[in-house]
Amino acid sequence: MLTHNLLFSICCLLGCAAEFYVIDDRIGLGREFDGIGGLSGGGATSRLLVNYEEPYRSHILDFLFKPNFGASLHILKVEIGGDAQTTDGTEPSHMHSKGEGNFFLGYEWWLMKEAKKRNPNIKLIGLPWAFPGWVGEGTQWPYFFPNVTADYVVSWIYGAKQHHNLDIDYIGIWNERKYDPVYIKVNELILLYSVHYPGTKTVKEALLTEKKLWSSEDYSTFNDDIGAGCWARILNQNYVNGRMTSTISWNLIASYYKNLSFGGDGLMTADEPWSGHYVVESPIWMTAHTTQFTQPGWFYLQTVGNLTHGGSYVALTDRKGNLTIVIQTMVGVLHTVTLNPHFSSKAHLTDLQVWYSKLDFKTKNDTLFQNLPVSTQVYNGSFTLKLDVDEVYTITTVNTGQKGAYPEPPKSQPFPKNYSDDFTIDNPPFSEAPFFADQTGVFEYFRNSTDNGSHAFTLRQVVTERPVTWARDAYQTISIIGDYSWTDLSVSCDVLIETPVTGGVFLAARVDQGGESVREAKGVFYWISANGTYKVTNDIGLSGTREGVWYTLTLRVKGYFATGMLNGYPLWKNAVVLEPKNGWAALGTLSFEYAQFDNFKVNAE
């Protein structure tokens, strides 16, 4: 092991005495570094990413996962879909029903493979938020039958390997919920303890376990410069204050409708697949300050800490001669920092790299991940920096860093005012139709073997039992689409009720809530039922509808009035709509039941 001895000389320019900070590996190393990651899930936070056309989709993935390019993430954590609302939508389970596995539903398999394609060494984590109803066998507790739950999770791990050649490195228990001790019996099987949003602190009892400690969900902040500063501070101080060796951002990417819960979180934004527009936000480059110059398996030095006048510093080594120091000053005052490195070989100084970022809240003219000319700053083995507030420096012997770039993506555009989908696609690459964001229930492409005519390909709601939920799913299933600002529009869809007597479907406009608030959603809902009735808002009448027959529903909303049509004829007129004044279009079912949809169209004014 090469010896690294680094002396900080820090003096506040306001006149304080010089302060010295020593970084030295001769007293031994600290904890092993496990990497920085992002979380796709909890829920459906990557939903719109899959609908981007090339080359923009690959560009986005490169900014997230490609080594020495952008965020260069070491870890990808995904939700094990449970057919239930888990923050911004539902993600499909690999087993909607007992004994019937399908390991090609959803997009997390695809995302893990894309991450591995770019970085074969990336670590993969799976965690359930919710479970299909059959796992709880009629209860909302997945541990009454621990063997059933364990088999369900293990089947996901085996499916990842068998069908996608993916090795899952870590598995969690149940997101932010208690677990029954009967489910986890052997302490030796627990590789690490993790916490969500620890505030950079660790309780003493966790340290005494001598297990690895992670912040396995953190950040959860709007991805502007305020969020970037928060993220930069967390990445250092989770270890400095809490000895946590991995930090994972919720979420990976803001790729869901921005008016859902926590809209605009994530390391970057990609919520317009219809236009191709995306934004590489500043948190990407805050991440790169650590990820491009370290790897899992490196070690923190013991000599890390907080700066007296604000900020913190960490130092890591690969034990093969490389050293990386990351300094952040998201709080504090102006400092001068002198570093005096003493390497076994002075040749290392010629390889020294410095990367710099400045979040300029006054001028909004940020400097993000800039490679500074080292030769003008190293003099007689000393390295001097003037640290201002809201800066990040990486000083490293690793010379492979790069600020990746692609040509500007297309300009931002609103969701098309005229949009249609007949769901006619053989062997679809993903189970969900483009732009539909399921909020309760799961809507999948369906090959209708009983109809070789105009409805051979449809969209089908497939969850028939209330899941073991994590958030507050609605009592009805619902999938939203479009532009939240829509006010006056016409939406139509062919619908097929499959459940006799009690079955029903709806078409909706101006839906104003989704995510964890979906149960409180308001809008204009046009329902028809298998018992021959219809309903709009609080009015109920006869429709003559029944199960097993296709009907065309049309809902028109303009100003304070709404009209509903059935097979092209008015069924009800001029229902008064005072609230809400805008929202998404949507479709869904009366309960957790099978139903099909086809020839969806929306025209907004």
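The count begins at 1 with the first shown residue.
Here the Cβ of each residue, glycine as well, is placed from N, Cα and C on the backbone.
The following features are taken from TrEMBL:
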type	residues	note
ACT_SITE	GLU176	active site, proton donor/acceptor
ACT_SITE	GLU217	active site, nucleophile
DOMAIN	33-185	domain 'Glycosyl hydrolase family 59 catalytic'
DOMAIN	193-292	domain 'Glycosyl hydrolase family 59 catalytic'
DOMAIN	300-331	domain 'Glycosyl hydrolase family 59 central'
DOMAIN	347-402	domain 'Glycosyl hydrolase family 59 central'
DOMAIN	438-604	domain 'Glycosyl hydrolase family 59 C-terminal lectin'
SIGNAL	1-18	signal peptide
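Rounded to a whole number, the distance between the Cα atoms of the residue listed as 'active site, nucleophile' and GLU176 (active site, proton donor/acceptor) is 10 Å. Each residue in the domain 'Glycosyl hydrolase family 59 central' (300-331) gets a DSSP state, and the totals come to 0 helix, 16 strand, 16 coil.
In this view, the densest Cβ surroundings among the active-site residues GLU176, GLU217 belong to GLU217, judged by other Cβ atoms lying within 10 Å. Residue counts for the domain 'Glycosyl hydrolase family 59 catalytic' (193-292) under DSSP (helix as H, G, I; strand as E, B; rest coil) come to 31 helix, 25 strand, 44 coil. In the predicted model, the domain 'Glycosyl hydrolase family 59 catalytic' (193-292) has a mean pLDDT of 96.
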